[in-house]
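Some notes on the structure that comes next.
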Amino acid sequence: MGKYFGTDGVRGEANVELTPEMAFKLGRFGGYVLSQHELETPKVYVGRDTRISGQMLASSLISGLLSVGIEVYDLGVIATPGVAYLVKKDGASAGVMISASHNPALDNGIKFFGGDGYKLEDEKELEIEALIDAKEDTLPRPSAQGLGMLHDYIEGVRKYQAFLKTTAEGDFEGYNVVLDTANGASYTSARAVFADLKANLTVIGENPDGLNINVKVGSTHPEAMAKKVVETGSDLGLAFDGDADRLIAVDENGEIVDGDKIMFIVGKYLLEQGKLAQDTLVTTVMSNLGFHLALEEAGINSVITAVGDRYVVEEMKKNNYNFGGEQSGHMIFLDYNTTGDGQLSAIQLLKVMRETGKTLSELASEVTIYPQKLVNVRVKDNAAKKSAMDVPAIQKVISEMETSMNGKGRILVRPSGTEPLLRVMAEAPTHEQVEHVVDTIVEVVEAEIGVK
């Protein structure tokens, strides 16, 4: 990670850390870096979620892009994976998404995609950062004839929706589905897509006001959806996050089916169909021990990466795997798209239910999840979270807790890639053991580097 770019682009509190001035610089310098080798006039696609700051930041970002002669195509409100898909499909030079994903409305972010539809390599991000920090802006300043133009490209949203529907390879007639669009980027598209696929829908979290994105709805708050599934007697619930690159499901009994279980269900189906590349699923260190035991039982190999869907994608590209993801609900189907896609994942999950004739609870029952607890400890600043593992007291308590587990469980303490948080996670055979381990570590972390 660089000075401005984290694991998922540039993020911060809108109009405080991520200002219009910074958005302009990211547009100007990012656009320049990404279009240096274009033979024709470069074109860049821009999308955003429903945050109130999105229009402000989009205006500044687009101005920066136009100032270096780039043709900008404004997609308006669209899911992050929609931007990635359209950039690659249409042969655009790059794409930019304005979103802070599952974060609250006060935050926002700017994320770049290259012309291949993948998130930017670290080298390109560092190149952009160097231009931002340069003492003088020496980039070309074209006169009227060399400036870029802005085009509305709402048709792009419809193209993305049409693509999603093709991946269903049929319809979902007869299925009763609760959708939770998190008052976010999928608030119109998800209803349109699943209605066209003939599912009977109940939709929550589809009334964004600029401030309510991810508030008590969406993949990070599936409780309201779970309640609605039980109330309506639906077959399942499907919750996306603010930019719709994640999916968390709920079965017909209102039980949460997280990314690990969804990956197992879809991965096993792909294996049985001979469509799981190298019989391998790529996941991160956050995936549950029970998930890995289920994979082993099913004959599926696993490759483990650092936390972050970008690292999952890097591993998949490097070794030609086609399916991977995270417990948090990012799932990447490289046969279809270049990044995590919540709506695509939902369609694939429903497809498995349709083809097997099984309920979601039946499919999910093959994975026995070990008790897990995750606590996010807010620390003083980003420097504190990065140096946390060098603090002797924190090292000592982790070592003591690992010894107490006697090899029957695991502990993972890591910094958030996007916020000043230290994530403390443990898994063990019993809830009591997990509670004790996590609470003990959290107490020390808060005492040493927590916000007082």
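From the backbone N, Cα and C atoms, a Cβ is placed for every residue, glycine too.
Cross-referencing Ser101, Ser365, Ser387 against the Mg(2+) binding annotation in Swiss-Prot, which names Asp241, Asp243, Asp245, picks out Ser101. There are 31 other Cβ atoms within 10 Å of the Cβ belonging to Ser101 (Mg(2+) binding site). Sequence-distant contacts of Asp243 (Mg(2+) binding site), defined by Cβ-Cβ distance under 8 angstroms and a gap of at least six in the same chain, are Asp49, Ala79, Thr80, Met97, Ser99, Ser101, Gly184, Ala185. Around Asp245 (Mg(2+) binding site), the same-chain residues six or more apart in sequence whose CB sits under 8 Å from its CB are Ala79, Thr80, Pro81, Ser101, Asp309, His330, Thr339, Gly340, Asp341, Gly342, listed in sequence order. Sequence-ordered, the extra residues of this chain that approach the Mg(2+) site, with Cβ no more than 8 Å from the Cβ center of Ser101, Asp241, Asp243, Asp245, are Asp49, Ala79, Thr80, Ser99, His102, Gly184, Ala185, Phe240, Gly242, Ala244, Arg246, Gly340, Gly342. Around the Cβ of Asp241 (Mg(2+) binding site), 34 further Cβ atoms fall within 10 Å across all displayed protein chains.
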